[in-house]
Amino acid sequence: MNGEYAQPQHISDAIYLGAAIVLSIIGIVGFLFNTCVIFIMIRDPRLWTPQNVIIFNLATSDLAVSVLGNPVTLAAAITKGWIFGQTICVIYGFFMALFGIASITTLTVLAYDRYLMIRYPFSSSRLTKETALYAVAGIWIYAFAVTGPPLFGWNRYVNESANISCSVDWESGEHSNYVIYIFVFGLFLPVTVIIYSYVSLVVTVRKRAAEKIIGQATKAECRVAIMVAVMILAFLTAWMPYSVLALMIAFGGVHISPVVSIIPALCAKSSICWNPIIYIGLNTQFRSAWKRFLKIPGTVSEVSLDADITTGMTKLMTGHQELPLHPGNNVDADHPSGLIMCCLAHDEHRRSKTYVDQYECNLEMKSCNPQTLSKQTETNLGDVSL
């Protein structure tokens, strides 16, 4: 899988041509869709919710791969071998590994956030814009801690995959401990957190379903959780063949021909395409923002406030909507509990940041006054934009 900086033997021109075509498609699609997501978010301040800050980080990482990584690999495929020298190989290998670990760590944060949102909907520890920015910083520090050691002598970045890209030296017996290190913290630990988050999430939802206390908020959060799960599944599907191959080479003593090894490498590189397609396709906020930019009329559900990526705590439809209630609330038609959010009469598009609060609440046997309700509402809703 790893090799020197020259064209491997027994690789036909057709293989290089096929790789160049696939890399071109991946680069173009990844660039266009991730640029689209970033452009939509920069243009529409209403999309800057805590969860979308994390998604913006993911789109930025994927865009960087399409801009910095794919052109280099494409040029190597066209010239039928690595032409940039060892220094560029090290730089390329490090940044591609950095962006890859940052992506799976970002997806892990999103998965754990989905779990917290559904398991503890009224917790004060929920994600805010400030904590989202801290999370983004932590993601990149963590990614560097995982991928940085080869720059300082613990393993190295070398040429691989028919000499058209560079990565960790999986065949290095001298630094096999680093291979264990990168797989534990770059794959196994994130996947373990993801599995824990979603198993706990499913258990929570089933418990609430059995107790018949699932409301609109839980349903909205479940829709977001499904979207994040699809993103994670797509990412792992793209990267798993490469990961399995690397493990086989590192610890199985298996020799893989360059022709075979290039296929998992191309699959891994395709991961930059799937995330933006998924959250543009499954999230009404992004779709409606794009339609507003193109002056395309949206549907009623797209014009109304959708909580899929914000907090899932409320959904504003024709004029007002009761917020989801704490499971302990007692609700009846004459004395509803919770917060009623009403649009102002002059707000034609129902996007006003100002609304009228009408309330009667009894959360966990605790009474609310206007001050505490306002504070609780701010905590629960975060940056919901109308």
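Glycine residues also receive a Cβ, built from the backbone N, Cα and C atoms like all the rest.
Remember, predicted model here, so these are calculated numbers, not experimental data.
The domain 'G-protein coupled receptors family 1 profile' annotation in TrEMBL covers 33-279.
Annotated transmembrane segment per TrEMBL: 15-42 (among others), in sequence order.
Sequence-distant contacts of the transmembrane segment (54-78) (same chain, six or more residues past either end, CB-CB distance under 8 Å): 16, 19-20, 23-24, 26-27, 30-31, 34-35, 37-38, 41, 84, 88, 92, 95-96, 99, 102-103, 106-107, 109-110, 113, 127, 132, 135-136, 139, 163-165, 269, 271-272, 275-276, 279, 309. Look at TrEMBL and you will find 54-78 (among others) tagged as transmembrane segment.
If you look up TrEMBL, you'll see 90-112 (among others) marked as transmembrane segment. Long-range contacts of the transmembrane segment (90-112) within the same chain, counting only residues at least 6 positions beyond its ends with a Cβ under 8 Å from a Cβ of the stretch, are 51, 54-55, 57-58, 61-62, 64-65, 68-69, 72, 84, 135, 139-140, 142-144, 146-148, 150-151, 156-158, 165-168, 182, 186-187, 190, 193-194, 197-198, 228-229, 231-232, 235, 239, 268, 271, 275.
Here TrEMBL flags 132-152 (among others) as transmembrane segment. Residues 50-51, 53-54, 57, 90, 93-94, 97-99, 101-102, 105-106, 109, 168-169, 178, 181-182, 185-186 of the same chain, all 6+ positions outside the transmembrane segment (132-152), place their C-beta atoms under 8 angstroms from a C-beta of that stretch.
Only residues 6 or more beyond the boundaries of the transmembrane segment (178-203), in the same chain, are considered here, and those with a CB under 8 A from a CB of the stretch are 97, 100-101, 104-105, 107-108, 111-112, 114-115, 118-119, 142, 145-147, 149-150, 154-155, 168, 170, 172, 225, 229, 232, 236, 243, 246-247, 250-251. According to TrEMBL, the transmembrane segment annotation covers 178-203 (among others).
Here TrEMBL flags 224-250 (among others) as transmembrane segment.
Listed by sequence, the residues of this chain that lie at least six past the ends of the transmembrane segment (262-282) yet keep a Cβ under 8 A from its Cβ atoms are 15, 19, 22-23, 26, 29-30, 33-34, 36-37, 55, 58-59, 62-63, 65-66, 69-70, 73, 100, 103, 160-162, 164-165, 226-227, 230-231, 234-235, 238-239, 241-242, 244-245, 290, 308-309. Per TrEMBL, the feature transmembrane segment maps to 262-282 (among others).
Each residue in the domain 'G-protein coupled receptors family 1 profile' (33-279) has a pLDDT score, and their mean in this model is 88.
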